[in-house]
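Step one of this worksheet: look at the structure below.
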Amino acid sequence: MKTKATNPLSKSLLAMASLLALAGPAPAFAQEAELPAWVDTDSERRGYEIAIRSDNSDNGFGDSRVEATMTLRNAAGQETSRQLSFQTLERADNTVGDKSVVVFHTPADVEGTALLSHAHILEPDDQWLYLPALARVRRISSANKSGPFVGSEFAFEDFTAVELNKYEHNYLTTEAITVAGETLPTDVVERFPRYENSGYSRQVSYIDQTIHQVRRIEFFDRRGDHLKTLDLGDYREYGDGIWRAHRLVMTNHQTGKSTDLVYGDFEFGVGLTDNDFVRGVLERQY
Amino acid sequence: MGAIRNRTDMFATALAERMIRWRWAVILVTLLATFGFATGMPNLAFDTNYRAFFSDENPELAAFETFQATYTKNDNVLIVVRPADGNVFSADTLAVVEEITEAGWQVPYAIRVDSITNFQHTWAQGDELIVEDLVRNAHALERGDLLERRSIALNEPLLRNQLVTPDGSVTAINIVLQYPELHSMEVPESVAVVRALRDRIEAEYPDIDIVLSGISMMNNAFMESGMGDMAKLIPLMYLVLLVIMMIAIRSWSGTLATLFLILFSTIVAMGSAGFLAIGLTPVSASAPTIVLTLAIADSIHVLMSMRQRMRDGLAKREAIIDAVRINFLAVSITSLTTVIGFMALNLSDSPPFGHLGTMTAIGIVAAWLLSITFLPAIVSLLPMKASPRKSDGKDATARMGQLANWVTRYSRPVLFGSVAGSAALIALIPTIDFNDQWVNYFDTSLEVRRDNDQALEDFGLYPIEFSVPAQSSGGIAEPEYLQNLDAFAAWARSQDNVTHVYSVTDIMRRLNRNLHGDDPDYYTLPDDRGLAAQYLLLYELSLPYGLDLNDRINIDKSASRLTVTLDNVTTEETKAFLDAAEAWLADNTPDYMHTSATGAQVMFAYVAERNVNSMISGNIIAVLAIGLVMILALRSLRLGALSLIPNTLPILTTFGVWALLVGTVGFSVAAVGAVSLGIVVDDTVHFLTKYRRARVERGADTAGAIRYAFETVGMAIVINTIILAAGFAVLALSTFKLNADMGLLTALAIVFALVLDFLLLPALLVELNKLTSRNTQSGENRDEDQSYQPAQ
């Protein structure tokens, strides 16, 4: 497994801060140095701490590879599915986004089409798409991360790894929710996108109190109306506290459409490096 | 037979006596019952969706629902922006369009906002595909930038004629709304926000003129029109009532009693509608007006008889009892036939007409019950005087007698004249055109209609949707499919009345050009399925929230949506286009691409046929049931059957007159037959009952019996006709064309019924009796009432 590149100190300090916060009113000096500028109230601090703990518990995997099936369903009950694979390179620094490659396998028309993304926290992502029929790579320059990903109910911003600093967090309450037949006590934290061009005004995440994973996210559109709900189920632990959900169900409440995203087994530490996430690789490999 | 009449008389007398004896209890029970029904009224709400006009079984609606479940709902608001300087592409105007576009997302239930500023402009720069808003931060744009944007927008097939006029003088912002359909205030809620936005923009930018159009505005107008009608027509009806009552019965207390009676009947009708969870539409909202009209008629018969009896010297109490006795049977029968006519509306394919029928029928039953219970009770309490009979009453009776003599003397020319006149008018019926331009249902006194007319000067209005299937999953990327679809779009663009065609092939052409370095030679359809599919994938990855292709392409990419926008076309023109489009697809594309159009305009294009067809059985049932009632009421098969002629002829004649004077009609015409039949039979019932009574009980000859009928009920029939015609004429003032058509047609039918009952019916009786006496020697007694031998 690739070691973390940067800033182990700040991470451990943050982790410590969140532990202290759980124990009770934490000494102010422990956090003030580390808390982002937007943190103002106690509930924002608590929200941020819960988010950090959740983020940390799935960070540190270095790189991963996984196959996935996406099943789209419309209001008329019709279904269609597509298969794709994801490769991700984690960047340990919370102020920099991950790199990823998505390769489409089905439908046959788009087989071998590959999307390389360099995620950024507050700036638009850099994206390149390899089109096999054209045998060329095209850079996509678009400020938009919020459109539906290949006709599904997921936006690209929904299922790329949640980056802690893309949002301002605010703790709301504690609530037991039922996801995929499992009832869990969760911390409810709302978060507000800090980047421009988000399709959302707000999200409400439900983070379970035992393994600190996000179990549900409610998405609110720019008007503030409930737009979608994402349920994350079938969490499995890989090695040292790295959890992954394997069944993600996104339901659009306004259009009645839904999309299931089902992951296969994740492979971690497969030896991917920055060199695997450059545009030249798209033309060579896919 | 006489015994039955006596028994009815005895029952009515006993009823009236009890009502007067227990009058306080009767009034209390009436008030309590009315209050009980009134508790249903808070459940009433207006339906704010044109879909309310279609039954669940309507095939066009079913097709459209499937279409909308596959793509998206297409309720919309179109905000048309017209700058005073006639140039949309100025920094100032574009900034306003940006502002409206942004504000559009805040409209409740908006899921998509399209404008020339947020249009996703794609272009190439080296190996880079750039996808961005066509206009962003307009104030920062230089003159050259503005001209460039103008040129792009005016040359973009997806924008030109849809969101911007070809000369760049007017633009539109389209907001697509997806209502959860949980409560009826969703549409008004969105419309209120849009109107507030318009008011704010117009106040802030005096050089910008905005009109609002689109399906949501129309849907909202159903409520506005219905509520406006209720606020305008019901008070007018009360005014008409006051005038008629003062002329007919000349009594404040009688007027007051009638006022209570019609108020209570209306409350019962509306309260029941609330309990039945009926969603109001402008059509069913006309029920109170109709109930008022019919309830007045019940009440006026009783009160006029009472006044007559008092003039004859009877005490008030006896006069009331006698008035109930005289009118009980007639009021019961006329109420029954009217109920039958209105209940037949439940066979209409359009639920609002069924609702109107049910609500009115309940109101009629209430009015009937109240006129024989509550009315005697309350008038016995109120002071009422009647001056001794004056000579003018005699004059009226005498004039009626003269009319009777004239008709019997000239029976042959009267008969042939009235039959020929009716026949000539009826022959014109086939020239009537159905036209259900549903946005034109609303009167120009409504803002929505005026705005819409103005919007139509620049943009089309009626979207016709085609979900064009491909051969298989992913098949929309197939070159054959794209080429055929493109040819279809080109064909549609060449048709009259087509203002715009939205086809995904235009996006394909643009992407093909973009991905070949914006080389104009590549503004063609990709000739490789994989390439087309990958273009779409690329395009989908770069679209922002709410501007995706999910509303254009189905999820497994086996069909795409082509939208043709039509100008302000009539139903006939719409049908001609639909037929031509389907024929073109059948002749020019592979089998798998053949499809039918759908959409609101398609539904309304066929709504008249569906309703006329569904009401055929309704009308037959009404004719048969009412005919049966007539036979039983007159106790004569022959007279009952004969009554069908003066009952149906006025309705047919009315359509003939309509064909001559107006020429076009909305689908509410399907309802007119049953409704007016139920009403116009009243005259025939009154006339023939008296005719028969004279023949049977007084042994009169045909001419004598006709004179008797004219003298006893002639004036009552005239007054009845005036009341009913006035009531339905008030409905003709509705802001909703379907109501206005129905009101005017019914009023006409009622007037024709009077004319034919006074001319054709007596002439027919005379001529038929001449005929039977010539054929059978036994003369007048060929009536099936064999027990009676007339005195010679």
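Cβ atoms are placed via backbone N, Cα and C, with glycine included.
Within the set B:172-193, B:326-347, B:524-545, the record from TrEMBL flags B:326-347 under the feature transmembrane segment. DSSP states for the domain 'SSD' (B:256-381), grouped as helix (H, G, I), strand (E, B) and coil, give 110 helix, 2 strand, 14 coil. Across the domain 'SSD' (B:256-381), mean pLDDT in this model comes to 90. Counting only same-chain residues 6+ beyond the ends of the transmembrane segment (B:667-688), those with a CB under 8 A from a CB of the stretch are 283, 294, 297, 330, 333-334, 337-342, 344-345, 348, 350, 353, 356-357, 432, 434, 436, 607-608, 611-612, 614-615, 618-619, 622-623, 626, 630, 633-634, 639, 643, 646-648, 650-651, 654-655, 709, 713, 716-717, 720-721, 724, 737-739, 741-742, 745-746, 749-750, 753-754, 757, 761. Within its own chain, the transmembrane segment (B:326-347) is flanked in space by residues 5, 8-9, 11-12, 15, 294, 297-298, 301-302, 305, 353-354, 356-358, 360-361, 364-365, 367-368, 371-372, 614-615, 617-619, 621-622, 625-626, 629-630, 633, 671, 674-679, 681-682, 685-686, 689, which lie at least six positions past its ends and keep a Cβ under 8 Å from the stretch.
Using a Cβ-Cβ cut-off under 8 Å and counting only residues 6 or more beyond its ends in the same chain, the transmembrane segment (B:744-766) has close neighbours at 403-404, 407-408, 410-412, 414-415, 417-419, 422, 642, 645-647, 649-651, 653-655, 657-658, 665, 669, 672, 675-676, 679-680, 683-684, 687-688, 691, 702-703, 706, 709-710, 714, 717-718, 721, 724-729, 731-732.
Below 8 angstroms of C-beta separation, residues 255, 258-259, 262, 285-286, 288-289, 292-293, 296, 300, 303-304, 307, 719, 722-723, 726-727, 730-731, 733-735 of the same chain, each at least six residues beyond the ends of the transmembrane segment (B:230-249), sit close to that stretch. A Cβ distance under 8 Å defines the sequence-distant neighbours of the transmembrane segment (B:285-305), meaning residues of its chain 6+ beyond its ends; these are 46, 226-227, 229-230, 233-234, 237-238, 241, 244-245, 248-249, 251, 254, 257-258, 261-262, 265-266, 269-270, 273, 322-324, 326-327, 330-331, 334-335, 338, 355-356, 359-360, 363-364, 366-368, 370-372, 375-376, 379, 679, 682, 716, 719-720, 723-724, 726-728, 730-731, 734, 739, 742-743.
If you look at the transmembrane segment (B:256-279), the same-chain residues 6 or more away from its ends with a CB under 8 A from one of its CBs are 30, 33-34, 36-47, 52, 184, 238, 241, 245, 287-288, 291-292, 295-296, 298-300, 303, 355, 358-360, 362-364, 366-367, 370-371, 374-375, 378-379, 382. The list of residues near the transmembrane segment (B:708-732) in space but at least 6 beyond its ends in sequence, with Cβ under 8 angstroms from a Cβ of it, reads 233, 236-237, 240, 244, 248, 286, 289-290, 292-294, 296-297, 300-301, 304, 396-397, 400-401, 403-404, 679, 682-683, 686-691, 693-694, 698, 700, 739-740, 742-744, 746-747, 750-751, 753-754, 757-758, 762.
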